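Listed in TrEMBL for this protein:
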- HIS118, HIS123, HIS158, CYS159, HIS167, MET172, HIS313: Cu cation binding site (BINDING)
- 375-463: domain 'Cytochrome c' (DOMAIN)
Amino acid sequence: MKPTSSSYAMLVALILLVTSCINNEKKTYDNAADIPVSREMIAELTSPPNVPTPVGLRKAKKLIVNMEILEKESTMTDGTTYNYWTFGGSVPGSFIRTRVGDEVEFTLSNHPDNKLPHNIDLHAVTGPGGGATSSFVAPGHEKKFNFKTLNPGLYVYHCATAPVGMHIANGMYGLILVEPAGGLPQVDKEYYIMQGDFYTKGENGEPGLQAFDMQKAVDEDADYVVFNGKVGALTGDNAITANVGETVRLYVGNGGPNLVSSFHVIGEIFDKVMVEGGSSINKHVQTTLVPAGGAAIVEFRVDVPGTFILVDHSIFRAFNKGALGMLKVEGEENKKIYSGVVQEGIYHPEGGTIQEMPDDDSKKVAPKENKTLAEKMESGKKIYMQTCFACHQAEGQGIPNAFPPLAKSDYLNADVNRAISIVLKGKTGEITVNGQKYNSVMTRQAISNDEIADVLTYVYNSWGNNKTNVTKSQVDQIKSGH
Ligand code: CU
């Protein structure tokens, strides 16, 4: 049957309508300000290291963000607290996730128990002060302002109330992500990590409630440099996790107030870095610079299991000031990618072949029998300075948050057999020494039973320990499991 001209015209009109609808759906806007918003939604806010659900394919919306400012005392490190000023109760503040074209209705509430006025400057805002001038709010009040997200990227927000440096130094910063239309590519795991430097009246580790030190802040002489507001926020049980084969995306920010971060993950290479949180992608990066008041998005696939350490590679900050986190990866080993130790030998710099480690002392020159304590101390000190001091330090003081002390060590003095066993077999996992928790790795030491006796005797007879004289036969016994 031939269609009539009127039904033909209707068909054409229908096709045009459908096509224009599809075109409308896929329409790209030269100016993000022109993107229309459909409906309203309340923004999901998360505290670190978590991030809200990806925007995916959702259209631009009127996005309601309700942010509460809380001033509260919280832990900086074991035994030390600090009066943090926070967006949403955490440092860094709640993570905000938007997409380009969203019309954000932002309400900033200052809790009535707070002492000070605050405001917010969001680097994702195009407008005076990034919102600061419209959001200045006294305790017990709230302020509302609107902005449209025009540029995709990862942006810092922070308080900008005078003295600005002090408000930031007390923890008033966080991240707001603006995803492009259609969202960022899907990944398996996403985490929120933000570095900050802190300045306290007492030195690093001094116990009690520590006050902010303005002079140290001006001098940029940080006592703490940490991820997510405190020492250990991402270590031990707080470590972030992934499984072998997964792709991990880290939203990394730096609140400062002063220090620039050289962000690095030990044992990983960033497959992709969205440099400075913008749209330009750099590949195969070892360490990425995160400026104060800036951010970066890093992505990598985890290929082998293990604990990967996140650091600011200005490395004293990591091992002495707290800028250290952990990513624990579980799954199958892949010996092609990483073998682990395949052989351990004796190294003769003067030549000769590499020999296998002897299983026992029988192949070695017999150690001198019945050494005096002085002889054992002399031998033990030599071994200590070759083998142990890099981690436990010359005076047995250890390294805070990394390697436990041997000086006046309750853990050491409590159980000599345990100490022998650790030197023989190595030790991983959490231990508590003198009230401080440590979660590091001590490798099995490639020294003879006689040397173990000497070095432990040296340690036990130094730095205020309990003067145990460890004998080779004790070590032999532990080694043979009796
Ligand atoms: Cu403030």
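For all residues, glycine too, the Cβ spot is worked out from N, Cα and C.
All TrEMBL annotations are machine predictions without curation.
Structure coloured by features recorded in TrEMBL.
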residue	record	CB count, 10 Å
HIS118	Cu cation binding site	23
HIS123	Cu cation binding site	19
HIS158	Cu cation binding site	27
CYS159	Cu cation binding site	27
HIS167	Cu cation binding site	21
MET172	Cu cation binding site	30
HIS313	Cu cation binding site	17
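Taking a Cβ cut-off of under 6 Å from any atom of ligand 1, none of the binding-site residues HIS123, HIS158, HIS313 qualifies. For the domain 'Cytochrome c' (375-463), the model's pLDDT averages out at 89. Secondary structure from DSSP puts HIS123 (Cu cation binding site) in coil.
Helix, strand and coil counts under DSSP for the domain 'Cytochrome c' (375-463) come to 45 helix, 12 strand, 32 coil.
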